[in-house]
Amino acid sequence: MILSVGNCLSALLALTGTLVCAARLGDKPTTLNDHGNFHYLAVQLAPFDKAAEATPSAWEERARAVGDSLGYHVVGRVGELPDYYMFATEKWTTSAGVGPLEVRSEAHLEKERRLHEREIATAPYVVSAKAQIPTIRLHKRGPIPQNERGRPFRLDELRKELGIHDPGFGQQWHLVNTVIIGNDLNVTGVWKQGITGHNATVCFVDDGLDYNNPDLAENFYAEGSYDYNVHVKTPEPKLPEDRHGTRCAGEVAAVRNDVCGVGVAYNAKVSGVRILGGALTEADEAAAINYDYQNNHIYSCSWGPSDDGRSMEAPPQIVTDAVYNGIANGRGGLGSIFVFASGNGAASNDHCNADGYTNSIYTITVGALDRSNTHPVYSEACSAVMIVMYSSSGQKADAIYTTDWPGNGCTDGHGGTSAAAPLASGVYALVLQIRPDLTWRDMQHLTVENAVPVDLTDDGWEKTAVGRPFNNKYGYGKLDAYKLVEAAKRFQHVRPQTHIVSPVAESNKEIPHDFERLDSIISITEEDIKTANMSRIEHITVHVTIEHDSRGDIEMFLVSPHGIVSQLSTFRPRDSDPNGYQNWTLMTVKHWGEDPVGDWKFQVTDRIHPSRKGTLKYWWMTVWGETAPPTVTRPTIPPVSALLPAPNTSTSSASEPSETDADLQPPSLPPLPTSVVSKTTTLARPTATGEPPASETTVPVPTASRASGAYALVFGAAVLGAAGGGFYYIRRKRAADSSVEQDYEFEMLNDDEVDAAFDDEEDERSEMRLVNENRGPIPDRFVLSSMDEEEDEQP
């Protein structure tokens, strides 16, 4: 009889096991954790030659064969891992001359473990063996016991390790919360890596910045600063109330020294652009938002229209253009990062979709979160809120500790959403230190994908179509500095932006009362997606015209094809404006990552005052998103017949891959209505590589006189074609992946182009001349809520 090698080996193992077992096996462990009497080893078995042989019974048979051959007990499989088994063997006894078990040293036990590991690992059919030692390595993440809260040693250890001598550091609970452990930015682990904001600059567009403050002077960036209120280079505060910008700047870049506290990014630079110290023109506002925008990387804006629950205002057109310019050209084409506070008007039933700054797709809107990880009474909620950050809770003791003006002092009374936005700006500065190549959209994707949900008992949370929780109060949650920075290290750039503009849906129907909703549907088709080359949603903007006797009575919703509901506006009892919504834009980030194909339902209701009538005139939507991945095709080698000489005819060589004018034409998307912006975006559609298709004609065999030359030509052409195709692919790939997009993915239409598009008689929408009426007086357009100031912190 001829035995296979495997059978011989199995027989050998069985024979060896018979000899060894009598000497070693002894008692079998009755539990999996009898570590006082047994060594346990996790053994990984070698794979089978054929996948079909790797059945559960075959794995167990192999494990027992190995165990029996070496004299180890096979306790069983390790969880659901088919190739891992737990082995056990008794610890050596006094019969070996070692001494009683209870006095055996750890060094000797470690020696035993190493011997067992080596013995098993070198056996046939074994990949590895690892001794299992019980240790306290994982800890419960439940509530901190009351007697463990506020232990000072954690803060003292951090001070010593990081060299922080600032006397107010202990009051900066938003950085290290020693009272409610975990309710902070989780930033110390980032600092320990040396990531403290180097080479990142945050510009505070505000009421000035005290650059002489000893906690800010070292990090002040003078070249990026200006005062547009009085047109001088230095942005120093001048009025008694000009302390807002200095407080915000200290949250980001207060120096690590012996004054006050430290900033989130205490080695970042800060600049100040003063616009809130007096009257301001639209042109000055536009200039301010782009000031030194190659070197000012992040613009932190803790201001906006009045938070009185009745105002509704969008940026002037020139400012809208400036914001777009920052996005398209700031930071060398990567785009300025605009961070806006959501507003402090929630106690007045205000919401941030009534603010044209916070509901822009180009801004990151930040709401507030208090020390207990709950929603402060003042923080405005809406579907445009992307994240929340820590701030005051309405109690002075829980406000933010930072630099102050006048004088060189500090304050523990900074609050409102004005304090929340700078903390986000500071975390983004940390990210830019290690990833200065990130675009403005990269930063938004990072934010959405890594925000940490809070206060999950709040009934406003709903899972989106892609499974992320979202809440109009909290957006996607708070920023965890450590998590965000770690994610940024491995983040891959998003593809260029594209968009779909829907047709205008005319309604002209009366808005119902008593919780009934008027529905209007717009469909997004597969053809729309193909035309726009879109892969997934980022933002959605809804543009609406509604006539109503009392604007604040209206509530609006957008329901996606997947049933996800964005509440776009809420009841505002103080807003009795009789003009309704005139070409107003609302925005939602709740559908981020969703597939846009299907019916989108716009719903309007009026639950209050049946005597006040309203009519939905028309609406449309713009879906903003990421382009689909490019289709990569192999370069086509021209047929042999195209390369053979033809003496009596004229020939033309196959064209090489090239970018023709046709390749770079934008997709045929409907023009944006004039009420959206006066300029819009276009995107070059991915095209084929441009090579001619391979001929299907049968190639004649070359004659003997031409064969050698033809073969040489074919070989040379193949090599050149492959090299050229490879070079072309690499060049296109690098262009797509380039962090600095010199030719941005879209351009803006001017007013004449938009007008011309709407004058096209063949387009049904040409009958609707949509004009943006949202213009307001400039001098008092921006206000600082009293919520920001310490003396008005009580709810």
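Glycine too: its Cβ is placed from the backbone N, Cα and C atoms.
Annotation comment: TrEMBL describes 1-22 as signal peptide.
All protein chains included, ASP206 (active site, charge relay system) registers 31 other Cβ atoms within 10 Å of its own Cβ. According to TrEMBL, the feature active site, charge relay system maps to ASP206 (among others).
Other Cβ atoms within 10 Å of the Cβ of HIS244 (active site, charge relay system) number 25 in total over all chains. Feature annotation from TrEMBL assigns active site, charge relay system to HIS244 (among others).
Look at SER418 (active site, charge relay system): DSSP puts it in a helix. Residues or ranges marked as active site, charge relay system by TrEMBL: SER418 (among others).
TrEMBL lists 494-629 with the feature domain 'P/Homo B'. For the domain 'P/Homo B' (494-629), the DSSP-based tally of helix, strand and coil residues reads 10 helix, 75 strand, 51 coil.
Annotation comment: TrEMBL describes 634-701 (among others) as region 'Disordered'.
Taken from TrEMBL, the feature compositional bias 'Low complexity' applies to 645-657.
Taken from TrEMBL, the feature transmembrane segment applies to 710-730.
Annotation source TrEMBL lists region 'Disordered' at 773-795 (among others).
For the domain 'P/Homo B' (494-629), the model gives a mean pLDDT of 94. Separating the Cα atoms of HIS244 (active site, charge relay system) and SER418 (active site, charge relay system) is a whole-number distance of 8 Å. Under the three-state DSSP scheme, HIS244 (active site, charge relay system) falls in the helix class. Summarising the environment of SER418 (active site, charge relay system), the number of other Cβ atoms within 10 Å of its Cβ, over all protein chains shown, is 30. ASP206 (active site, charge relay system) falls within a strand segment according to DSSP.
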